[in-house]
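J.: After the structure tokens below, expect a handful of questions from me.
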């Protein structure tokens with residue numbers, strides 16, 4: 001690490017072997033340093049803990065048994081190792097941020113789901129009021145009052161970096177609230193893990209603490225190797241926290257919410273805890289090697305500009321952060337506990353929980369206890385999703401009983417199809433046999449597996465605070481909306497010739513256009529059957545009405561593109577209300593039909609405005625957001641020739657509309673994408689025409705109207721904190 005010399009001002013290099021005793025469970029390979037302000041951080045932690053304990057007691061006088069495990073260890077302090085180059089006048093707040101993260105988890109992990117939601121909503125409402133409306137509201141709970149005072153200090157010190165940090169923290173909380181990893185492969189888990197773990201939040205804490213100011217685009221330019229290191233940090237957290245997390249979820253009866261790679265390897269793949277830990281250590285080392293190799297390669301190609309210098313600080317900060325947190329985690333009392341009630345024997349109970357569908361982990365042998373059973377199937381020579389055990393689990397996850405395949409039994413006795421070595425004629429007069437739906441549903445299952453923001457379900461839950469729809473009906477409505485949404489995405493991707501959906505290849509890339517269309521139609525049929533299960537007979541009429549609106553709205557969009565006809569703003573809004581707003585109205589009307597409670601006329605307006613906001617924001621971000629580029633491609637709406645609101649504004653405010661429409665609608669035969677240079681020209685033209693400022697103004701106006709309409713609904717139906725948080729969050 002000699003190439004890092006001279007880059008530090010507030011820390012000293014450290015050799016792990018100098019600590020006595022050296023943590024026996026430490027296996028990190030990345031370097032770390034120690035801050036010269038460790039004593040100050042330790043004093044802040046002691047003071048913050050006293051305040052936090054007092055606040056917890058004030059919020060819940062009955063709670064006496066909660067123990068908090070924060071930053072301080074017998075060998076040092078979390079901040080000293082994680083952020084050794086923290087600017088001295090930010091050490092106080094940086095320490096509070098870190099301890100808050102630990103103590104917040106301790107509190108929320110100790111309460112039930114309802115109490116957790118109340119605590120989170122109380123804090124979220126105060127944060128979003130500041131971030132979107134510029135209003136500083138005081139939370140109800142004492143612990144949240146401590147938190148917001150700390151966060152106001154963060155914003156007052158460095159608002160730009162502070163906002164990024166707070167946004168990532170909120171995303172981390174959202175990810176935790178939504179997560180459940182039952183029946184998930186390790187590969188799928190690792191893809192989700194970065195968005196759920198605090199690693200990205202920890203990076204933004206580091207940027208604020210060190211005063212690093214970089215655009216999202218610059219950060220993303222090194223994400224291809226930085227993310228491998230962050231994934232290693234996430235898995236490292238899983239490695240050290242597993243015993244603690246298992247114990248907490250076992251006590252709470254919430255094992256389905258256990259977010260841990262060790263749990264996945266044990267439950268889904270049948271590995272023992274020892275085997276799973278060995279695999280996780282190897283995956284962590286791979287990630288650590290990858291970030292170091294990536295950094296060295298980047299250094300060799302980087303120039304000497306100030307931007308490269310700042311980016312270098314950013315990468316080095318992350319490397320040292322991962323190295324320091326690994327050392328801290330290897331011995332911190334937060335993870336190495338003597339008060340757990342569960343044992344290794346209890347943890348072993350989840351090994352191979354789903355015996356009939358064990359998975360095979362790429363790059364690793366099956367569990368030792370299955371090697372003898374799998375050797376005869378030559379697993380090592382072929383790639384399979386699962387492996388055979390001696391109790392009759394086939395290599396594709398189907399169960400066997402007494403040596404016979406259930407799949408064969410469903411399809412009839414194979415021996416009956418043969419007579420004297422020839423095909424039997426009986427097959428031609430056999431009874432009707434219903435075809436399995438797996439093949440038909442495969443494209444839908446793929447698109448459904450891609451991680452989205454789940455905003456529609458959140459919105460329905462918020463609406464149900466007012467409408468009180470019975471749980472069975474509510475689940476059916478959620479199923480209907482989910483099926484219609486995802487099937488429409490499959491068709492949209494075909495009609496738009498899109499290459500990506502949520503950052504992954506579109507469904508028809510794997511299944512073909514014809515099969516994907518067939519799957520979408522099949523899901524439409526399933527949604528009709530779901531609607532028939534609702535109690536109010538008017539629900540079917542509502543369903544067909546809004547499904548018709550969805551298609552007529554989409555037809556306008558497709559017609560304008562195909563014929564190169566620029567719509568008016570009024571026509572555009574009509575299209576949005578039918579195409580995008582259709583699902584919002586469908587969910588509301590079905591909920592109202594199944595609800596025993598009174599509704600409000602303003603609810604329809606609220607959802608109509610929300611649908612418009614979503615579409616216009618999507619139009620805007622498609623052309624301006626780095627995140628959208630990574631998930632959909634660079635300015636994909638221009639490739640589609642889509643008449644988005646920014647394009648409408650440009651065509652009405654440029655002196656040379658022909659220079660815009662010509663490349664959009666007069667392409668060479670078979671050319672799907674515009675040349676990057678053409679896209680850049682159009683974006684520059686939008687900049688000059690004030691298009692993006694116009695779109696921002698429309699969104700600001702719509703958001704104000706949404707909040708005003710929410711006030712009207714709350715006047716009719718009562719306060720709804722969940723809905724207010726969701727709608728405030730739109731303005732971020």
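Every residue gets a Cβ built from N, Cα and C, even glycine.
Keep in mind that this is a model prediction, so the values were computed, not measured.
When I checked Swiss-Prot for this same protein, it listed these features:
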BINDING   105, 109, 193, 194, 195, 196, 242, 243, 244, 245, 246, 334, 335  substrate binding site
BINDING   105, 109  Mg(2+) 2 binding site
BINDING   453, 456, 485, 502  isopentenyl diphosphate binding site
BINDING   492, 496  Mg(2+) 3 binding site
BINDING   492, 496  Mg(2+) 4 binding site
COMPBIAS  411-420  compositional bias 'Basic and acidic residues'
REGION    1-342  region 'Terpene cyclase'
REGION    343-732  region 'Prenyltransferase'
REGION    371-390  region 'Disordered'
REGION    398-420  region 'Disordered'
MOTIF     105-109  motif 'DDXXD 1'
MOTIF     492-496  motif 'DDXXD 2'
J.: Nearest to residue 492 (Mg(2+) 3 binding site) by Cα, among 242, 244, 456 (binding-site residues)?
T.: 456
J.: Which of the binding-site residues 109, 456, 485, 496, 502 has its Cα closest in space to the Cα of residue 244 (substrate binding site)?
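T.: If we rank 109, 456, 485, 496, 502 by Cα distance to residue 244 (substrate binding site), first place goes to 109.
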J.: For the binding-site residues listed here, 456, 502, which shows the highest count of neighbouring CB atoms within 10 A?
T.: 456
J.: Pop the Cα-Cα gap between residue 456 (isopentenyl diphosphate binding site) and residue 105 (substrate binding site) into the table, whole Å please.
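T.: With the alpha carbons as reference points, the distance is 27 Å.
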J.: On the three-state reduction of DSSP, what should I expect for residue 335 (substrate binding site)?
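T.: SS state of residue 335 (substrate binding site) = coil.
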J.: Return only the integer: C-alpha distance in Å from residue 242 (substrate binding site) to residue 496 (Mg(2+) 3 binding site).
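T.: If we compare the Cα positions of residue 242 (substrate binding site) and residue 496 (Mg(2+) 3 binding site), the gap is 44 Å.
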J.: Tally every other Cβ atom lying within 10 Å of the Cβ atom of residue 193 (substrate binding site).
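T.: Neighbour count, Cβ to Cβ under the 10 Å cut-off: 25.
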J.: Tell me whether residue 502 (isopentenyl diphosphate binding site) sits in a helix, a strand or coil according to DSSP.
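T.: Reduced to three states, the DSSP call for residue 502 (isopentenyl diphosphate binding site) is coil.
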J.: In whole Å, note down how far the CA of residue 246 (substrate binding site) lies from the CA of residue 496 (Mg(2+) 3 binding site).
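T.: Given the Cα positions, residue 496 (Mg(2+) 3 binding site) is 45 Å from residue 246 (substrate binding site).
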J.: In whole Å, note down how far the CA of residue 335 (substrate binding site) lies from the CA of residue 456 (isopentenyl diphosphate binding site).
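T.: That comes out at 36 Å between the alpha carbons.
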J.: Would you identify the secondary structure of residue 242 (substrate binding site) according to DSSP, in three states?
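T.: Once the DSSP labels are grouped into three classes, residue 242 (substrate binding site) ends up as helix.
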